[in-house]
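Q: Quick one: structure below, then a few questions.
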Amino acid sequence: MKISYRAFVRQVRHASTTASKGATTSVTSSAAGQLKSEPAARATFLERIQRGPGFQDFFAVKPASRLKTDEEEHVDTSVPYLNSIDFNGNGRKVHFEVYGCQMNTNDTEVVFSILKENGYLRCQEPEEADVIMLVTCAVRDGAEQRIRNRLKHLRAMKNKRSTRRHPLQLTLLGCMAERLKEKLLEQEQCVDVIAGPDSYKDLPRLLAISRHYGNSAINVLLSLDETYADVMPVRLNSESPTAFVSIMRGCDNMCTYCIVPFTRGRERSRPLASIVAEVKALAEQGVKEVTLLGQNVNSYRDRTAQEEQDSLKATPVPGFSTVYKPKTGGTPFAALLRSVAQAVPDMRIRFTSPHPKDFSDEVLEVIRDHPNVCKQLHLPAQSGNTQVLERMRRGYSREAYLELVQHIRQFLPNVGLSSDFICGFCGETEEEFQDTVSLIQQVQYNVAYLFAYSMREKTTAHRRYKDDVPINVKNERLQRMVQVFREGATQLHRKMEGQEQLILIEGKSKRSDAHWFGRNDANIKVIVPSIYVPISGDSTARKSFGVGDFLAVRIEESNSQVLKGTPLELSNITDFHSRQLIQ
């Protein structure tokens, strides 16, 4: 005989009341009779209620020993319809294609670490892969179009594969995956798995579900605390002398043109200790240069150290403002940079991408006082016009930016500067653009990343402004920006001729096997011939140099993008800096 819902509720209430009075009897005789005909699962459920605490137990303070528990009882929390699925890759091969910024490169190493722990292998050729993963970028429309074009090619490759013998899974990761979500599944029906930047730990499950059921799987949830601090990235190029270390994720600045806060989420920082440990591990692997990464890297604040909870409040540089309340507590970026620099004195340290508002004097002091922290700063201006900067919600004026540049160059006389600029932002007039041109001329940058504005959905600019600058005008302004930048960079680099600089050799020159290329402190490429050189401190011994060697060179020639030098000797950061102080 079946029990109605109301009868079942009455049984549950009766069982709870009986348990709260300490009774050891079961349900009423009539209910007991009904239970005999009920399924075992329902009877077990009622018995558990009887053995557990009653309603009154939640209002009375009792010793834990008086509460009835069943320590040996195990509750199965697994999902029944997934129990038969094996999340392990079992040797399936993964091929990665990375688009966009350095953060995507680091994310790829995190993803491979997660997949490797779950039985996946990496392959270099897409034709050999069981899974092809595109790590995507959504900052500009051009990047998205390249990825869409690549998907068309991969769709054809997938259709040629035998679905039974060697099926191919296509996976989209990163910012484009989060931004477009279901649209990608509808428009690009060849995609099997979509995972946002904060859901990479879920990839083994998503891949298994898609493979088992033949349906697309998606997880693009953003997190308030995921930093992947517990994942040790597996380097994709173990031979490279350089590496990336992610120290924080997300961005709170909410610039009107930028999609990053919507695809990467709110700011959250890794614990300082985990960052230092990863950098030390890289040093043991032979890495000579590490770049600390974050969408707003110098707003880093580690709030896990209790002794630092009441430390200084984060105050923007004078003349700069934020859209959020000042952040308090935690270990600031200056302390992290100092800790990393001291932990690996013979390793170069860089960081990107910062916001100008967070370049405090404490950060500048660390850069000045530690020779292994590169004297190179990225100062993204975006525009040289105050009205455009207001529409962009950058939080500073043209004048404030120029004052910061002057202050930094007084603090660090030989600093190398790089920047980002956007032309053709919503409503930009010719007069406003001329302010950008004059700013580039006035500051003079060693490196610049110049772009025509690309409207992004979900951004404040998309909701509030009109993309009203014609594409031909944008492109014409972009060419003018490039020309002005190159003129300034040429003048800056000409001043380096005759200087001795320390470069880190990264590889063979693309134009000649008889030459190597490396980068100096300002992150400018330097080309040198392959010759035998003395070793620092031993003028009698001579040897060749190669990837991963620090080489002292004298700059002989220059242009806006590349320097050419003469090798002097093999050296290291400490010896080279000591010799420069003597000179």
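Note that Cβ sites are derived from N, Cα and C of the backbone, with glycine treated the same way.
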Q: Given Swiss-Prot annotates Cys101, Cys175 as [4Fe-4S] cluster 1-binding, which of Cys137, Cys251, Cys255 belongs to that site as well?
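A: Among Cys137, Cys251, Cys255, only Cys137 appears alongside Cys101, Cys175 as [4Fe-4S] cluster 1-binding in Swiss-Prot.
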Q: Determine the most Cβ-crowded residue among the binding-site residues Cys137, Cys175, Cys251, Cys255, Cys258, using a 10 Å radius around each Cβ and all protein chains in the structure.
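A: Top count of Cβ atoms within 10 Å goes to Cys175.
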Q: Sort the residues of the domain 'MTTase N-terminal' (92-212) into helix, strand and coil with DSSP and give the three counts.
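A: Taking the domain 'MTTase N-terminal' (92-212) as a whole: 64 helix, 23 strand, 34 coil.
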Q: Given Cys175 ([4Fe-4S] cluster 1 binding site) and Cys255 ([4Fe-4S] cluster 2 binding site), what distance in Å do their CA atoms have, once rounded to a whole number?
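A: About 17 Å separate the Cα atoms of these two residues.
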Q: Helix, strand, coil: count each for the residues of the domain 'TRAM' (494-569), based on DSSP.
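A: Its residues divide into 1 helix, 45 strand, 30 coil.
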Q: Check the Cα distances from Cys101 ([4Fe-4S] cluster 1 binding site) to each of the binding-site residues Cys251, Cys255, Cys258 and keep only the ones within 10 Å.
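A: Within 10 Å Cα-Cα: none.
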